[in-house]
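Notes follow the structure.
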Amino acid sequence: MKPVLPLQFLVVFCLALQLVPGSPKQRVLKYILEPPPCISAPENCTHLCTMQEDCEKGFQCCSSFCGIVCSSETFQKRNRIKHKGSEVIMPAN
């Protein structure tokens, strides 16, 4: 085995690690600390939460346009309205 081969492997390995932004610890902490996006539009943006235990039964702590709030766990069906040249998605009532 040539002595150049391990050196080439080491250089490629170091360059590949630089392409990945952030450390694995930061990515894991971000996933744990930030709640998932809401699956339905929040009914009330005043019920803020920091943990799942802050929400009542049937609600989940999630991230929405108005912050981290308690939102319904059920998926909200949306109606599709077609217009000329575009499509608009509206919440179902």
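Using N, Cα and C of the backbone, Cβ positions are placed for all residues, glycine too.
Computed from a predicted structure; not experimentally measured.
Summarising the annotation, Swiss-Prot assigns disulfide bond to C45-C66, C49-C61, C55-C70 and lists similarity to another entry as the type of evidence. Annotated domain 'WAP' per Swiss-Prot: 24-73, in sequence order. Under the heading signal peptide, Swiss-Prot lists 1-22.
Around the Cβ of C49 (disulfide bond), 18 further Cβ atoms fall within 10 Å across all displayed protein chains. Secondary structure of the domain 'WAP' (24-73) per DSSP (helix as H, G, I; strand as E, B; remaining residues coil): 13 helix, 14 strand, 23 coil. When the C-alpha distances from C45 (disulfide bond) to the disulfide-bonded residues C55, C61, C70 are tabulated, the minimum falls on C70.
Compared over the disulfide-bonded residues C45, C55, C61, C70, the count of CB atoms lying within 10 A of a residue's CB peaks at C70. If you average pLDDT over the domain 'WAP' (24-73) in this model, you get 78. Sequence-distant neighbours of C66 (disulfide bond) (same chain, 6+ residues apart, CB-CB distance under 8 A): P42, C45.
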